[in-house]
Amino acid sequence: MRRIAILTSGGDAPGMNAAIHAAVLTAKANGLQVIGVYKGYAGLIEGRLAEIRSKQVRGIVNQGGTILKTARCAAMKTEEGQKQAVKVLEAFGVDGLIVIGGDGSFKGAQILSHMGIPAIGLPGTIDNDLAYTEFTIGFDTAVNGVTDEIAKIRETMLSHERIGVIEVMGNKCGDIALHAGVAGEAEYILLPEVEFDVDAICESLQHRRIKGNMTSIIVISEGAGKGEALSNYIRAKTGFDVKAIVLGYVQRGGTPSAFDRYIATKMGTRAVHLLMDGVGGRVVGIRQNQIVDMDIDEALSMENQFDQQMYDEHSVIYNY
(Lines of atoms letter the chains of each structure in order from A; the text may use other names.)
(Lines give C-alpha, C1' and ligand atoms only; values in the text may rest on other atoms or scores of the structure.)
Protein backbone atom coordinates (compact mmCIF):
# COMPACT_ATOMS: atom_id res chain seq x y z
CA MET A 1 0.00 0.00 0.00
CA ARG A 2 1.70 3.16 -1.23
CA ARG A 3 -1.03 5.48 -2.41
CA ILE A 4 -4.67 5.98 -1.38
CA ALA A 5 -7.39 8.23 -2.76
CA ILE A 6 -10.28 9.98 -1.02
CA LEU A 7 -13.55 11.20 -2.50
CA THR A 8 -16.77 12.68 -1.17
CA SER A 9 -19.98 11.92 -3.02
CA GLY A 10 -23.68 12.78 -2.95
CA GLY A 11 -25.07 15.40 -0.59
CA ASP A 12 -22.52 17.18 1.59
CA ALA A 13 -22.58 16.66 5.35
CA PRO A 14 -20.89 18.59 8.17
CA GLY A 15 -17.92 16.57 9.37
CA MET A 16 -16.77 15.33 5.97
CA ASN A 17 -13.75 17.62 6.24
CA ALA A 18 -12.88 16.18 9.64
CA ALA A 19 -12.85 12.70 8.10
CA ILE A 20 -10.66 13.92 5.23
CA HIS A 21 -8.30 15.59 7.71
CA ALA A 22 -7.92 12.43 9.80
CA ALA A 23 -7.46 10.16 6.80
CA VAL A 24 -4.85 12.39 5.18
CA LEU A 25 -2.76 12.89 8.31
CA THR A 26 -2.99 9.22 9.31
CA ALA A 27 -1.89 8.16 5.85
CA LYS A 28 0.95 10.67 5.77
CA ALA A 29 2.13 9.57 9.22
CA ASN A 30 2.42 6.05 7.84
CA GLY A 31 4.33 7.04 4.73
CA LEU A 32 1.44 6.91 2.26
CA GLN A 33 0.72 9.35 -0.53
CA VAL A 34 -2.84 10.71 -0.63
CA ILE A 35 -4.72 11.61 -3.79
CA GLY A 36 -7.82 13.79 -3.63
CA VAL A 37 -10.65 13.12 -6.07
CA TYR A 38 -12.54 16.32 -6.81
CA LYS A 39 -16.32 16.37 -7.39
CA GLY A 40 -17.03 12.79 -6.38
CA TYR A 41 -17.45 9.96 -8.86
CA ALA A 42 -17.97 12.44 -11.68
CA GLY A 43 -14.52 13.85 -10.99
CA LEU A 44 -13.09 10.35 -10.73
CA ILE A 45 -14.40 9.37 -14.15
CA GLU A 46 -13.12 12.66 -15.60
CA GLY A 47 -9.68 12.17 -14.02
CA ARG A 48 -9.86 15.18 -11.68
CA LEU A 49 -7.33 13.86 -9.17
CA ALA A 50 -4.44 15.60 -7.43
CA GLU A 51 -2.18 14.94 -4.48
CA ILE A 52 -3.32 16.28 -1.10
CA ARG A 53 -0.56 17.70 1.07
CA SER A 54 -0.75 17.92 4.85
CA LYS A 55 -0.89 21.72 4.86
CA GLN A 56 -4.05 21.61 2.73
CA VAL A 57 -6.03 19.94 5.50
CA ARG A 58 -4.78 22.01 8.42
CA GLY A 59 -7.67 23.89 10.02
CA ILE A 60 -10.47 22.23 8.05
CA VAL A 61 -11.89 20.14 10.90
CA ASN A 62 -14.26 22.92 11.97
CA GLN A 63 -15.42 23.69 8.42
CA GLY A 64 -18.70 22.42 7.01
CA GLY A 65 -19.01 21.07 3.49
CA THR A 66 -16.11 19.27 1.81
CA ILE A 67 -12.85 20.67 0.45
CA LEU A 68 -12.94 17.93 -2.19
CA LYS A 69 -16.33 19.16 -3.44
CA THR A 70 -19.08 16.70 -4.23
CA ALA A 71 -21.63 15.78 -6.86
CA ARG A 72 -24.07 13.10 -7.89
CA CYS A 73 -23.02 10.98 -10.85
CA ALA A 74 -25.37 9.06 -13.12
CA ALA A 75 -22.41 7.76 -15.15
CA MET A 76 -21.19 5.73 -12.16
CA LYS A 77 -24.33 3.61 -12.48
CA THR A 78 -23.27 2.48 -15.95
CA GLU A 79 -20.78 -0.25 -16.81
CA GLU A 80 -18.85 2.16 -19.00
CA GLY A 81 -18.55 4.68 -16.18
CA GLN A 82 -17.47 2.03 -13.70
CA LYS A 83 -14.75 0.73 -16.02
CA GLN A 84 -13.52 4.26 -16.61
CA ALA A 85 -13.35 4.87 -12.85
CA VAL A 86 -11.18 1.78 -12.39
CA LYS A 87 -9.01 2.80 -15.33
CA VAL A 88 -8.37 6.23 -13.82
CA LEU A 89 -7.54 4.84 -10.38
CA GLU A 90 -5.11 2.35 -11.90
CA ALA A 91 -3.53 5.08 -14.03
CA PHE A 92 -2.87 7.14 -10.91
CA GLY A 93 -1.47 4.13 -9.09
CA VAL A 94 -4.14 4.18 -6.40
CA ASP A 95 -3.96 1.13 -4.14
CA GLY A 96 -7.05 1.88 -2.05
CA LEU A 97 -10.01 4.27 -2.00
CA ILE A 98 -11.95 5.96 0.81
CA VAL A 99 -15.49 7.02 -0.12
CA ILE A 100 -17.38 9.42 2.17
CA GLY A 101 -21.11 9.61 1.47
CA GLY A 102 -24.49 7.92 1.76
CA ASP A 103 -25.99 4.71 0.41
CA GLY A 104 -25.67 5.74 -3.23
CA SER A 105 -21.99 6.54 -2.71
CA PHE A 106 -21.53 3.21 -0.95
CA LYS A 107 -22.97 1.38 -3.94
CA GLY A 108 -20.21 2.90 -6.03
CA ALA A 109 -17.62 1.77 -3.48
CA GLN A 110 -19.20 -1.68 -3.47
CA ILE A 111 -18.91 -1.95 -7.25
CA LEU A 112 -15.30 -0.77 -7.26
CA SER A 113 -14.42 -3.29 -4.55
CA HIS A 114 -15.92 -6.07 -6.63
CA MET A 115 -13.87 -4.82 -9.59
CA GLY A 116 -10.62 -5.16 -7.65
CA ILE A 117 -10.21 -1.69 -6.10
CA PRO A 118 -10.06 -1.95 -2.28
CA ALA A 119 -12.62 0.62 -1.10
CA ILE A 120 -13.73 1.70 2.37
CA GLY A 121 -16.97 3.60 2.95
CA LEU A 122 -17.47 6.28 5.61
CA PRO A 123 -21.09 7.28 6.37
CA GLY A 124 -21.38 10.95 5.42
CA THR A 125 -25.05 11.98 5.28
CA ILE A 126 -27.25 14.13 7.49
CA ASP A 127 -30.21 11.76 7.02
CA ASN A 128 -28.82 9.03 9.33
CA ASP A 129 -30.32 6.47 6.96
CA LEU A 130 -27.60 3.80 6.96
CA ALA A 131 -28.80 0.89 9.07
CA TYR A 132 -25.43 -0.58 10.03
CA THR A 133 -24.34 2.50 12.02
CA GLU A 134 -26.15 4.24 14.85
CA PHE A 135 -25.02 7.66 13.67
CA THR A 136 -23.78 9.06 10.38
CA ILE A 137 -21.36 11.95 9.98
CA GLY A 138 -23.39 15.17 9.80
CA PHE A 139 -26.55 13.93 11.50
CA ASP A 140 -25.80 15.42 14.92
CA THR A 141 -25.00 18.82 13.42
CA ALA A 142 -28.21 18.78 11.38
CA VAL A 143 -30.32 17.85 14.41
CA ASN A 144 -28.74 20.62 16.49
CA GLY A 145 -29.39 23.13 13.73
CA VAL A 146 -33.01 22.09 13.23
CA THR A 147 -33.61 22.15 16.98
CA ASP A 148 -32.37 25.75 17.08
CA GLU A 149 -34.63 26.68 14.16
CA ILE A 150 -37.65 25.13 15.88
CA ALA A 151 -37.01 27.34 18.92
CA LYS A 152 -36.81 30.47 16.74
CA ILE A 153 -39.94 29.59 14.80
CA ARG A 154 -41.85 28.84 17.98
CA GLU A 155 -41.15 32.35 19.27
CA THR A 156 -42.73 34.04 16.27
CA MET A 157 -45.62 31.54 16.15
CA LEU A 158 -46.37 32.31 19.82
CA SER A 159 -46.39 36.03 19.11
CA HIS A 160 -49.09 35.61 16.46
CA GLU A 161 -50.87 32.55 17.92
CA ARG A 162 -50.14 30.57 14.80
CA ILE A 163 -49.56 26.93 13.91
CA GLY A 164 -46.08 26.30 12.52
CA VAL A 165 -45.47 23.44 10.07
CA ILE A 166 -41.73 22.84 9.70
CA GLU A 167 -40.56 20.59 6.87
CA VAL A 168 -37.14 19.00 7.33
CA MET A 169 -34.97 16.69 5.26
CA GLY A 170 -35.37 12.92 5.36
CA ASN A 171 -36.90 11.04 2.45
CA LYS A 172 -37.17 7.46 3.65
CA CYS A 173 -35.73 8.08 7.11
CA GLY A 174 -37.34 10.50 9.55
CA ASP A 175 -34.53 10.63 12.10
CA ILE A 176 -33.90 14.37 11.76
CA ALA A 177 -37.59 15.12 12.31
CA LEU A 178 -37.83 12.69 15.23
CA HIS A 179 -34.71 13.74 17.11
CA ALA A 180 -35.06 17.48 16.49
CA GLY A 181 -38.80 17.35 17.08
CA VAL A 182 -38.35 15.73 20.48
CA ALA A 183 -35.49 18.07 21.41
CA GLY A 184 -37.45 21.10 20.22
CA GLU A 185 -40.68 20.16 22.04
CA ALA A 186 -42.68 19.92 18.82
CA GLU A 187 -46.27 18.97 19.56
CA TYR A 188 -46.53 16.78 16.45
CA ILE A 189 -43.85 14.79 14.61
CA LEU A 190 -44.74 13.24 11.25
CA LEU A 191 -42.44 10.60 9.78
CA PRO A 192 -42.31 8.47 6.61
CA GLU A 193 -42.10 5.37 8.82
CA VAL A 194 -45.45 6.01 10.53
CA GLU A 195 -48.88 6.48 8.98
CA PHE A 196 -50.82 9.46 10.31
CA ASP A 197 -54.34 10.87 10.02
CA VAL A 198 -54.35 14.57 9.12
CA ASP A 199 -57.99 14.94 10.15
CA ALA A 200 -57.13 13.53 13.57
CA ILE A 201 -54.31 16.07 13.85
CA CYS A 202 -56.74 18.86 12.96
CA GLU A 203 -59.11 17.64 15.65
CA SER A 204 -56.26 17.51 18.15
CA LEU A 205 -55.24 21.07 17.26
CA GLN A 206 -58.80 22.24 17.85
CA HIS A 207 -58.87 20.57 21.27
CA ARG A 208 -55.59 22.26 22.14
CA ARG A 209 -57.10 25.63 21.24
CA ILE A 210 -60.10 24.98 23.47
CA LYS A 211 -57.69 24.30 26.34
CA GLY A 212 -55.87 27.57 25.67
CA ASN A 213 -52.90 26.22 23.71
CA MET A 214 -53.03 28.65 20.82
CA THR A 215 -49.72 27.70 19.22
CA SER A 216 -48.46 24.31 18.07
CA ILE A 217 -45.39 23.18 16.17
CA ILE A 218 -45.62 20.35 13.64
CA VAL A 219 -42.36 18.90 12.34
CA ILE A 220 -42.76 16.84 9.18
CA SER A 221 -40.08 14.86 7.39
CA GLU A 222 -40.07 15.51 3.64
CA GLY A 223 -40.69 11.81 3.03
CA ALA A 224 -43.93 12.01 5.00
CA GLY A 225 -45.39 14.83 2.93
CA LYS A 226 -44.96 18.43 1.88
CA GLY A 227 -45.14 21.06 4.58
CA GLU A 228 -46.97 23.53 2.35
CA ALA A 229 -49.68 21.02 1.41
CA LEU A 230 -50.17 20.03 5.05
CA SER A 231 -50.32 23.68 6.08
CA ASN A 232 -52.98 24.45 3.45
CA TYR A 233 -55.09 21.47 4.50
CA ILE A 234 -55.00 22.35 8.20
CA ARG A 235 -55.85 25.98 7.44
CA ALA A 236 -58.83 24.99 5.30
CA LYS A 237 -60.04 22.41 7.83
CA THR A 238 -59.67 24.48 11.01
CA GLY A 239 -59.58 28.11 9.96
CA PHE A 240 -56.41 28.58 11.99
CA ASP A 241 -53.53 30.77 10.89
CA VAL A 242 -50.96 28.21 9.71
CA LYS A 243 -47.50 28.92 8.32
CA ALA A 244 -45.28 26.44 6.48
CA ILE A 245 -41.51 26.71 6.79
CA VAL A 246 -39.21 24.56 4.64
CA LEU A 247 -35.75 24.54 6.21
CA GLY A 248 -34.08 23.09 3.10
CA TYR A 249 -30.34 23.23 2.55
CA VAL A 250 -29.59 25.16 5.74
CA GLN A 251 -29.65 21.71 7.38
CA ARG A 252 -26.51 20.67 5.48
CA GLY A 253 -24.47 23.73 6.34
CA GLY A 254 -22.75 25.11 9.39
CA THR A 255 -19.85 24.26 11.63
CA PRO A 256 -19.88 20.54 12.46
CA SER A 257 -20.69 19.65 16.05
CA ALA A 258 -18.02 18.28 18.37
CA PHE A 259 -19.65 14.84 18.12
CA ASP A 260 -19.56 14.85 14.31
CA ARG A 261 -15.93 15.95 14.30
CA TYR A 262 -15.07 13.24 16.81
CA ILE A 263 -16.70 10.32 15.01
CA ALA A 264 -15.49 11.56 11.62
CA THR A 265 -11.93 11.68 12.93
CA LYS A 266 -12.17 8.20 14.40
CA MET A 267 -13.75 6.80 11.24
CA GLY A 268 -11.22 8.44 8.93
CA THR A 269 -8.39 6.96 10.95
CA ARG A 270 -9.97 3.48 10.94
CA ALA A 271 -10.43 3.62 7.16
CA VAL A 272 -6.73 4.20 6.54
CA HIS A 273 -5.69 1.40 8.88
CA LEU A 274 -8.06 -1.01 7.12
CA LEU A 275 -6.51 -0.19 3.76
CA MET A 276 -3.01 -0.53 5.22
CA ASP A 277 -4.02 -3.99 6.42
CA GLY A 278 -4.99 -4.88 2.86
CA VAL A 279 -8.71 -4.83 3.62
CA GLY A 280 -11.31 -3.46 1.20
CA GLY A 281 -15.03 -3.78 0.68
CA ARG A 282 -15.78 -2.54 4.21
CA VAL A 283 -17.74 0.31 5.74
CA VAL A 284 -16.96 2.06 9.01
CA GLY A 285 -19.59 3.10 11.55
CA ILE A 286 -20.31 3.57 15.23
CA ARG A 287 -22.24 1.29 17.57
CA GLN A 288 -22.53 1.61 21.35
CA ASN A 289 -19.94 4.40 21.22
CA GLN A 290 -17.39 2.12 19.54
CA ILE A 291 -16.02 2.51 16.01
CA VAL A 292 -16.80 -0.64 14.04
CA ASP A 293 -16.41 -1.89 10.48
CA MET A 294 -18.31 -4.49 8.49
CA ASP A 295 -18.65 -5.97 5.03
CA ILE A 296 -20.13 -3.47 2.59
CA ASP A 297 -22.47 -6.04 1.02
CA GLU A 298 -23.91 -6.88 4.43
CA ALA A 299 -24.22 -3.22 5.39
CA LEU A 300 -26.15 -2.29 2.26
CA SER A 301 -28.52 -5.23 2.70
CA MET A 302 -29.64 -4.06 6.15
CA GLU A 303 -33.00 -2.32 6.54
CA ASN A 304 -33.09 0.96 8.43
CA GLN A 305 -34.94 0.96 11.75
CA PHE A 306 -36.23 4.09 13.45
CA ASP A 307 -36.62 4.64 17.18
CA GLN A 308 -40.18 3.40 17.66
CA GLN A 309 -39.97 3.80 21.44
CA MET A 310 -38.96 7.44 21.21
CA TYR A 311 -41.80 8.14 18.79
CA ASP A 312 -44.38 6.30 20.90
CA GLU A 313 -43.35 8.08 24.09
CA HIS A 314 -43.59 11.46 22.36
CA SER A 315 -47.00 10.71 20.86
CA VAL A 316 -48.31 9.68 24.28
CA ILE A 317 -47.06 12.90 25.88
CA TYR A 318 -48.76 15.09 23.27
CA ASN A 319 -51.72 12.76 22.63
CA TYR A 320 -51.75 12.47 18.83
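Heads up, the Cβ atoms here are built off N, Cα and C, so glycines get one too.
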Practice task
According to TrEMBL, Arg72, Cys73, Gly102, Asp103, Gly104, Ser105 bind ATP; identify which of Gly11, Gly15, Gly164 is listed for that same site.
Solution key: Gly11
Exercise for the section: Using only the Cα atoms of Gly11, Arg72, Cys73, Gly102, Asp103, Gly104, Ser105, which the record gives as binding ATP, return the largest interatomic distance in Å, rounded to a whole number. Expected result: 13
Completion exercise
For Arg252 (substrate binding site), the nonlocal same-chain Cβ neighbours (under 8 Å, six or more residues apart) come out as Gly11, Asp12, Ala13, Pro14, Gly64, Ile126, Gly138, Ala142, Met169
Fill in the blank from the handout: Largest C-alpha distance in Å for the substrate site residues Thr125, Ile126, Asp127, Arg162, Met169, Gly170, Asn171, Glu222, Lys243, Tyr249, Val250, Gln251, Arg252, as a whole number, is 33
Problem - For Lys243 (substrate binding site), the three-state class that DSSP assigns - result: strand
